[in-house]
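Participant: Following this message is one structure expressed as structure tokens.
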Amino acid sequence: MTSNTTAGNVCPPPMKSTSNGVFQGDHPLDYALPLAILQICLVLVVTRGLAYLLKPLRQPRVIAEIVGGILLGPSAFGRNKSYLHAVFPPKSLPVLDTLANLGLIFFLFLAGIELDPKSLGKTGGRVLAIAMVGISLPFALGIGSSFVLKETIAKDVNTSAFLVYMGVALSITAFPVLARILAELKLLTTSVGRMAMSAAAVNDVAAWILLALAVALSGNSQSPLVSLWVFLAGCGFVVCSILIVLPIFKWMAQQCHEGEPVDELYICATLASVLAAGFVTDAIGIHAMFGAFVFGILVPKDGPFSGALVEKIEDLVSGLLLPLYFVSSGLKTNIATIQGLQSWGLLVFVTFTACFGKIVGTIVVSLLCKVSFNESLVLGFLMNSKGLVELIVLNIGKDRKVLNDETFAIMVLMALVTTFMTTPLVMAAYKRKAKISDYKYKTVERKNADSELRILACFHGARNIPSVINLIEASRGIKKRDALCVYAMHLKEFSERSSSILMVQKVRKNGLPFWNKGHRADSDHVIVAFEAYQKLSQVCVRPMVAISSMANIHEDICATAERKRAAVIILPFHMQQRLDGSLDVTRNDFRFVNKRVLEHAPCSVGIFVDRGLGGTCHVSASNVSYCVAVLFFGGGDDREALAYGARTAEHPGIRLVIIRFLVESTILGEISSVDVGDSSIGKSISEDEEFLAEFKLKTASDDSVIYEEKIVKDAAETVASIRKFNSCNLFLVGLRPTGELACALERRECPELGPVGGLLISQDCPTTASVLVMQQYHNGVPMNFVPEMEEHSHSHEGDT
């Protein structure tokens, strides 16, 4: 009898790790390693493909990962049993789940690093009230809805654990998902964005505490004392971690100095301790991820240590291992179990209850805290977003038999719907402040040359800072005090990475995303550099940082320029100088940022080709000795370049040389057959003559300003003249010079630099001077060079 029973319940043999190859008769999918590789690749292709398709809808990547997991499971592709048994056979699931949970452990460690306990301690009473009501009301409604589910589709479950799981599932707000939605919608630094981030952080911590309670209650033992011991042991683990591990982490952080690589031993020891913490909490009876999350919170946020930890593991975890958790969840989700009017009615009921508790509760408490109705409504929608944390709760409940298949499927769909609806509802509800009234000075060229010049200078990294500061120094002059105000904007990319959340922690109230001066780490050398220059030069410099995706960071730049009433935006060119003097592409994304700013800017724009203006450090005012050359052909952009040059000429250490190129009258019209429009050219010429006459009158007695006129016969002679002039430090040229001579110089390599700027950075020109290419604001009419740039970009990509 015993032998028969044993024979009737034979377990499938464990999978061997590697095969001997198809040539020796082995099928790769019968072995653990090749099967795991196929599963990982399939998951990545499906989830990244869905993320690309959902990108126009501005949905966070977690939506694509949840949907991808469901599609790969029995709800869609898994209806084909041959596919399911070939790609996701039951004997492979332990390996898949192990890899998924390993990724989950380190992801929760990263999530802990994202949360700053100090900022939670400084949360205001209003935000705390919003967070607490945003948790307690949905939690109560979740408990209420659990009774309805228990009477219908969940009759045979642990009642106490089921109540808590439902309460937690409905009360969660996903902090990482919320941060990415806010960044996508440009709400990170609005008042509603700051309140949502703070409230979500409080909500996140409270949800983990409640989840720990739920896990403790959902054990197999029938004795309530066991659940109590589990919970108390979990609390003891947290206390011991604070007393023992926190001082060790602080000591490690103190040994890591800015600008030096973090010792590999510290990284390895920390990651090993995370795994050890997971082992301890799993042994206690709460999930292994709790230990990793606690250790993540304990990691000091100041200094390079936390950043190095995130940098080492975020791509492997978020990009490779974590998607396996979504497919692991998707394999447990079978939408086919939701059958009949009752089940679909319960789905609607649970979704409505979750939305009602979060949205209405948040709106009511926000209004009581004197938040405007519009912001209260947006806050309610934002706090309703779910995500990975929701899936974690549901999966633990499913594994511990607290949630059956039908309840699990209903709750997963509820999380998907509530998260998907967040972005469109916020976009529809949020009313941005009306644009400021049209301000006066949108160009450098102006009637009153003594008025304040406001510059928005953008840069991508520390390498650009010395040249940007030296350009600012050259632009300030000495004669007019307080005549220059500079906003120095650090452009930083926001992505799905955990390190992006760390950047968000440095957001401050003033304007668009700014560095948080109140809690500045030593790593903020950008701020130190600009503050030091401000003290030395008495120029008003306000460092800023824009955190956004490269696809729409131009919106931040243009909005900031308009808000700060800038007259000119200075953008770094997408190529940087190498040691041999040639220019090398840094990122093509930067080029398209420049293109979009040129197209949509509310003021003039300058593209700065940095070839080490002033060297690799800031040149003090007394040591400035530059030669600035303006190559003038005619038109509004050239006048803008000359107006900027006139500003630099006020500096006692700068010599300004203006070279005006004129066509020999006897061959006028023979240089190029391009139709340039007689009426517009005639108007431009008259404006040029008037501007030049006024400029020469003002600078007649200034020995530092040299004005020359060169009469040339053709484009070749023009190019030869420009090549000879290679003794200056900075060229100022217009993007679109007018006239037949300029048309003959047209170059297609870099349309955003125009014909003259493109010539100056080409191999044909021996100069090593920096170049500033100016586009004058033309009453909102964009310059028509975009098709040329896109055509060249496609051809360039084809070449590479």
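For all residues, glycine too, the Cβ spot is worked out from N, Cα and C.
Residues annotated as transmembrane segment in TrEMBL: 31-50, 62-78, 98-115, 127-149, 161-183, 195-217, 229-253, 265-298, 344-369, 376-396, 408-430. Annotated domain 'Cation/H+ exchanger transmembrane' per TrEMBL: 50-427, in sequence order. The feature domain 'Cation/H(+) antiporter central' is assigned by TrEMBL to 482-623. The domain 'Cation/H(+) antiporter C-terminal' annotation in TrEMBL covers 626-778.
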Participant: Name the range, of those listed as 62-78, 98-115, 195-217, 229-253, 376-396, that has the largest tally of Cβ pairs under 8 Å with the transmembrane segment (127-149).
Facilitator: 195-217
Participant: Quick one: find which recorded stretch in 31-50, 62-78, 229-253, 265-298, 376-396 has the most Cβ pairs under 8 Å with the transmembrane segment (195-217).
Facilitator: 376-396
Participant: Do the transmembrane segment (161-183) and the transmembrane segment (344-369) come together with 3 or more C-beta pairs under 8 Å, pairs six or more apart in sequence?
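Facilitator: Answer yes, regions in contact.
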Participant: What same-chain residues lie close to the transmembrane segment (265-298): Cβ under 8 Å, and 6 or more beyond its ends?
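Facilitator: Residues 101, 104-106, 108-115, 117, 208, 212, 215-216, 219, 230, 233-234, 237-238, 241-242, 245-246, 249, 252, 255-256, 305, 308-309, 312-313, 392, 396.
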